[in-house]
Amino acid sequence: MGSIYPDYPRIETVIIQLAAGFNCSVRMLTAGNITVHSENTVSSYVGNKPSWFIKCGDTTSYARLMDLLGEHLVDAVRYTFEKDSFRDSSLMVACVLSSVCVGSWMLLLVLLLLPVNNHNSRKRLVFLYVLFFALWQTIFLRKVTTTVFEKQYNGNYQNSHELLCMISRSLLLKYCRIVCSIFANLTWLQIVYYMFHNYKQSSSRWIPHWLDNNNKRLKWIGFPLFILHTFVWAFNLFYNDPEYNPISQTYSRKRMGLYVPFVFLEALICILFLFSICYYLCHDFGHTLTYHRQNYDSDGKASFLVSMKHILEDYKQTIPALVYNFLIFLTLIVTFMINSIVFHSALYWLFTVVTFLRVMITVNVWGLIGILEKRERVVSKMTVLGRKITNHDRFFVDPHVKIEDNKRNSGTEEQQRNFGANSLTDNNASGSESNIFHMSLFKRFRDWVTRSKTSKTTNTKSNTENAEEEILELQSLNARSGCDSNETELLRNTIFGRQS
């Protein structure tokens, strides 16, 4: 396979070989202030680019050497020699490759240190994806360092075209790019399947039966789209090399008809994945994201600072995670557009950044789903189905207990105060995530004993009062029955006495 960049001899070698035939010496000068001392004058120059100082014995030899240099350089070199731009420099490539290599291994270390219940720990495909990417970056960085960076360092020169030529000719790099693209597509498909596999079947008439649920849509739309994207990308890697124009310093593709579908499919996959995540967050976690605690005080009215404090407590993990993922997605979109449209995927360091961002997004999305699921569990404990319903809560008052009645007895008041204390304790426990999940066993047992004693005391007092009331009622009944019996006996004696 031919090179996308023309091979050329080193200009230092050409000048030195030609100057040796005229007994001239050649010295390379770096940019800066140059002072030339002659017999009578001193000349000063300012050089912005590297230059060569040629010294000959006479002007005739110098003139002939200049003519030969012009002829040989024009024939041997088909473009002008200029200083490498910072964008194309070997320094930029080395810095980015080293940073991505270290970042990929750090990302793998984070996956290994995650708890077992984390999505990234349970998904083996994500771990294999990150591991392969880290190994690929390490191996290729070692190869580039050995074949290019060390060679240029020993030769005291820097040539970005030599580096890009080696990258374009590497079959190992092309195969690794294809495998990495397959891993990225599979992991994103796995995320979409996890988000939508439990959705109900569609009942619309205009939707065909083979697309009536999300599993069938992933099967007949997701897989063919990813397979088509992989094949188009492979054809571009092997049969559509980028070309570099040194005069305009721009990149282009030989077959734009093959490159445009790749850019379209890549953008379509990113847009569909982003839309799926947004829909999933709004549909499944809409209540979780918009939930705000009620009854912060007894009157239901809290100051602005208190409300902001509660909002920060509720969303101290959710908001940073959402903002972080949004910024990573935005960075991926910007870098993808620049790499695909401006440079036609020819800048290897920029392509590496785009690939690394896709790896980060895969890990971050699983982390975001885990954070929102944890938040949903906390919110469910603070709502009707998850928390205790006490008589202190003004939304769930027991109608049989007269809280607002002024004629309630002392036993009812004491019982209501106990209920209020228990409800406040329960509300504080439900409002604080750390009290729910991180309470020690000893403290739980102690609270249970306290509640048991309180309930027993309340029941004992109420039973005692009920017993006293029953005794008083029995005594009154006995007294009434005694009076009735005396009256009956007196009346009978009176009647029978009259008869007698």
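Using the three backbone atoms N, Cα and C, a Cβ is placed for every residue, glycine included.
For 406-416, the entry in TrEMBL reads compositional bias 'Basic and acidic residues'.
The region 'Disordered' annotation in TrEMBL covers 406-425.
The transmembrane segment annotation in TrEMBL covers 91-114 (among others).
Annotated transmembrane segment per TrEMBL: 126-144 (among others), in sequence order. Within the same chain, residues 93-94, 97-98, 100-101, 104-105, 107-108, 111, 120, 163, 166-167, 170, 172-173, 176, 179-180, 183-184, 186-187, 352, 355-356, 359, 362-363, 366 sit at least 6 positions outside the transmembrane segment (126-144) and bring their C-beta atoms closer than 8 Å to a C-beta of that stretch.
Under the heading transmembrane segment, TrEMBL lists 172-196 (among others).
Annotation source TrEMBL lists transmembrane segment at 217-239 (among others). When Cβ-Cβ distances below 8 Å are used as the criterion, the transmembrane segment (217-239) is approached by residues 174, 177-178, 181-182, 185-186, 189, 192-193, 196, 210-211, 253, 255, 258-259, 261-262, 265-266, 268-269, 345 of the same chain, each at least six residues removed from its ends.
Among the features that TrEMBL reports, transmembrane segment is placed at 259-282 (among others).
Among residues of the same chain six or more beyond the transmembrane segment (322-342), those with a C-beta under 8 A of the stretch's C-beta atoms are 251, 263, 266-267, 270, 274, 350-351, 353-354, 357-358, 360-361, 364-365, 368. Feature annotation from TrEMBL assigns transmembrane segment to 322-342 (among others).
Per TrEMBL, transmembrane segment is recorded for 348-372 (among others).
The transmembrane segment (91-114) makes contact with the transmembrane segment (348-372): 3 or more of their CB pairs lie within 8 A, with pairs spaced 6 or more apart in sequence.
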